[in-house]
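Lifted from TrEMBL, the feature list:
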{"type": "BINDING", "residues": "Asn106, His111, Glu116", "note": "oxalate binding site"}
{"type": "BINDING", "residues": "His109, His111, Glu116, His157", "note": "Mn(2+) binding site"}
{"type": "DISULFID", "residues": "Cys31-Cys46", "note": "disulfide bond"}
{"type": "DOMAIN", "residues": "60-211", "note": "domain 'Cupin type-1'"}
{"type": "SIGNAL", "residues": "1-21", "note": "signal peptide"}
Amino acid sequence: MATYAIYLFTFLALVSSQAFASDPSPLQDFCVADMKSEVFVNGLVCKNPKEAKPEDFFFPGLDKAGDTSKNPGSNVTLVNVDKIAGLNTLGISLSRIDFAPNGGLNSPHIHPRATEVLTVMEGTLYVGFVTSSPDFKLFSKVLNKGDVFVFPQGLIHFQFNIGAVPAIAFAGLSSQNPGLVTVAKAVFGSNPPISDDVLAKAFQLDKKTVDWLQAQFWNSS
């Protein structure tokens with residue numbers, strides 16, 4: 001009976017850990033990150049709550065536009081736990097995204113640890129995400145000022161300014177550290193580079209084209 005109980009407890013623990021796999025939940029009012037701690041944990045170590053101050057929950061500057069002059073014509077200002085230590089264990093972060101007119105692009109990318117909710121503040125954006133195998137279905141929409149769109153966690157998504165004026169959007173993300181994998185950069189700009197034999201076969205391209213693509217990302221690094 002005792003052995004059965006141990007197996008049952010172990011099974012329930014494993015199921016629970018998978019069912020609630022997300023940012024760690026706070027067990028107190030807040031857990032301000034101790035950025036000076038050398039202890040490595042899943043998340044960030046809390047500092048003594050008696051040492052917390054208003055600045056631990058504050059970030060200035062999201063009223064300022066980001067520089068969109070460089071390719072691909074967008075700028076993301078991310079406010080995560082690295083910017084606001086008080087976000088630690090709260091499972092949320094925020095970003096401002098600025099787009100250059102006539103084609104400013106937030107390139108196809110993935111947030112491995114977060115769902116994103118995007119709100120357009122100014123301009124017109126064409127946005128979308130692609131589902132996983134086997135369908136690879138595109139869900140896309142043209143958004144105008146005040147429109148909201150959701151990008152599920154871990155799926156490739158993008159935003160593209162189809163208007164003649166600059167566009168601005170704000171995004172909420174369901175993690176204190178959502179992570180970012182830009183698809184093109186990860187594939188063609190990895191360090192060290194992925195073998196051009198592998199990429200040529202995967203993308204059905206000749207090796208010269210692959211080498212050229214890799215050079216674009218290495219030259220822009």
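From the backbone N, Cα and C atoms, a Cβ is placed for every residue, glycine too.
A map of TrEMBL features onto the structure.
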{"residue": "Cys31", "record": "disulfide bond", "contacts (Cβ under 8 Å, 6+ apart)": "Cys46, Pro49, Asn88, Thr89"}
{"residue": "Asn106", "record": "oxalate binding site", "contacts (Cβ under 8 Å, 6+ apart)": "Pro72, Ser74, Val76, Ile97, Phe99, Phe158, Gln159, Phe160"}
{"residue": "His109", "record": "Mn(2+) binding site", "contacts (Cβ under 8 Å, 6+ apart)": "Ile156, His157, Phe158, Leu180, Val181, Thr182, Val183"}
{"residue": "His111", "record": "oxalate binding site", "contacts (Cβ under 8 Å, 6+ apart)": "Phe151, Gln153, Gly154, Leu173, Ser175, Pro178, Gly179, Leu180, Val181"}
{"residue": "Glu116", "record": "oxalate binding site", "contacts (Cβ under 8 Å, 6+ apart)": "Val150, Phe151, His157, Ala171, Gly172, Leu173, Ser174, Pro178"}
CB contacts for His157 (Mn(2+) binding site) [other CB atoms within 10 A, all chains]: 22
Neighbouring C-beta atoms (10 Å sphere around the C-beta of Cys46 (disulfide bond)): 20
